[in-house]
Amino acid sequence: MSSIDSVLTETRVFPPSDAFRLQANVSGLEAYHTLCEQANNDYEGFWGQLAREQLSWHKPFTQVLDERNPPFYRWFGDGELNVSYNCLDRHLPLLANKLAIIFESDNGTVTRVTYAELYRRVCQFANGLKSLGITKGDRVVIYMPMSIEAVVAMQGCARIGAIHSVVFGGFSSKSLQERIIDAKARLVVTANEGVRGGKLVPLKATVDEALAAGGCDSVERVVVYKRAVHEDGPWQIGRDIWWHDLVKGKPEHCEPTWVNAEDPLFILYTSGSTGKPKGVQHSSAGYLLGAINTMRWTFDYKPADIFWCTADVGWITGHSYVAYGPLAVGATQLIFEGVPTYPDAGRFWQMIEQHKVTTFYTAPTAIRSLIKLGGDLPAQYDLSSLRLLGTVGEPINPEAWVWYHEKVGGGRCPIVDTWWQTETGSHMITPLPGAVATKPGSCTLPLPGIQADIVDEAGFPVENGKGGFLVIKRPFPSQVRTLWNDPERFKKAYFPEEYNGKYYLAGDSAHRDEQGYFWIMGRIDDVLNVSGHRLGTMEIESALVANPLVAEAAVVGKPHEIKGESIVAFVVLKGPRPSGDEARQIIANLREWVGSEIGALAKPDEIRFGDNLPKTRSGKIMRRLLRAIAKGEEITQDVSTLENPAILQQLQESV
Ligand code: PRX
């Protein structure tokens, strides 16, 4: 990625202002180092104290960390609590009338919900779930638009100990079906439609399609929230039930189901290096502790904040920093249904002005596209309420960072570039905004208690300045517990034997500068990062070869100005290599095909046809050559091991 090259030469440093530092929850570098030392000197004591202070327990834990069965670590393992209780009930004595959610719909309608009202809605929905026979440990798939109801559905599951699995509304019926089958969901919660950028998204129809495709016998009921006023589609009597009918007349109190600290709160599917998505399973207590700590540390949470994380609840960011973290600390948060560019590229700035947002957290890809579509627009709005900015999901190029800092943050707001993953549950490496000086493009230093390091193949730390594999050397409370249905894959994917099964291997490469700051360089596996979304190249390849025309496919990433990475597919058809209009038509069809197999986000940006793919004599596809071809680079690598060197020229010419 070109931005990575420029990142390497970045030398600007932005220390926290005195004004910010003095009011910060962690104030000054020394305070940060003190926390790190406390964690290093007494690891369990450090986490145990945080868990006692920050979480409300039904039954206190007596053991902090249980490492007897690595890498299946248990945290606070004999404690009992309820996540929804921690997000709602415990705030009611003091914060009942505080706004929990300010919801702005696609067309700008605003709905406000207090903690007392949210509590009622969650309880009614939880009672609705119970009336359908859903109990602790059952899986509920949530396929919803951004809405108050999406949060209510997640919290409602947490309240009764049901395990939710949210599937992003942009995924296709096939992806949805796969996840429903893998999770053996008893219930699907959806909306008749979603609305984004003025367009309707047919969610219920997609659920119908997924369930009709077979294999989803576990699903008994489908709860449908009525969002849009569009005509209702087909209705399966006995299976489908309107949300408003389900909650009608249900009691406004629902005793939380107390669960073990380690009982799963949710499963969230994400891409790995094989075709099959991984069901990342998170715990209840450790996960929530991570979300709370980082609300306080990274986002320097203060009760007067208006917090806005723009992520969809279909991703981990929307779990930790929409559905759980902000509520667990009693924050007022903004939730947005729509897209940043509708009705124009000033939407985010207009909303920040209108709702007096103090803390704004979004993805570099959104920043880059807003720079492109309206770099001067922030100046037209009053953004003086902002005090802290954040980014997540991919490396941010210094130019975008500086624009964000100046044009959006008015030069006064620290930027927290937060490195973490679906698997880590909460931030791992990020500046503490009142303590750590920032450098554009660096996620800076690990949070207290997070033993991040960069090591070589044998597990030895690499020197500063040298690239290596990003690992976390000790278990931490919010980490993935296992992969749903696949503990073996969990071990193999994250705790490789090269590191004696001890280090958590993040799957990213990184290096440190002379001050020990971390700079993320990219994935080491076949995972792409397209607009901050994780996609496996194998997933897209499997989708392509499932098309009857396709014999073989290889997918690689290519640097992209806005999306970070774009998807390039090299395809060998069963028939002759097409050209001209025929090729264009097949490309259009294949893009649609991948859209329906996985979701629009996975459609290749470019498809090239060849008679074959570059392979070694043992039949291995040489992806590094394909990456070079995709970038339009001259091939300087050794190609003597290639079975069919002539194919390179053909693919280069096949644009
Ligand atoms: O490659 C890293 C990149 O996103 C990956 C995790 O993707 P996902 O599980 O979908 O979670 C995204 C939201 C937490 C990482 O392995 N990544 C995430 N944050 C950053 C990042 N790369 C660079 N800088 C970041 N701040």
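Positions of Cβ are set from backbone N, Cα and C atoms, glycine also.
Just one of Arg489, Arg523 is listed by TrEMBL for the same ATP site as Gly393, Glu394, Pro395, Asp417, Thr418, Trp419, Trp420, Gln421, Thr422, Asp508, Arg534, and that one is Arg523. Under the three-state DSSP scheme, Thr418 (ATP binding site) falls in the strand class. Sequence-distant contacts (6 or more apart, same chain, Cβ under 8 Å) of Gly393 (ATP binding site) comprise Thr317, Ala363, Pro364, Thr365, Asn529, Gly532, His533. Using CA atoms as reference points, the binding-site residues Arg196, Gly198, Lys199, Ser531, Val545 were checked against Thr422 (ATP binding site), and the closest is Ser531.
Arg523 (ATP binding site) sits 24 Å from Val545 (Mg(2+) binding site), taking the C-alpha atoms as the reference points. Within 10 Å of the C-beta atom of Thr317 (CoA binding site) sit 24 other C-beta atoms, taking all shown protein chains into account. For the binding-site residues Val545, Val550, the greatest number of Cβ atoms within 10 Å around a candidate Cβ is found at Val550.
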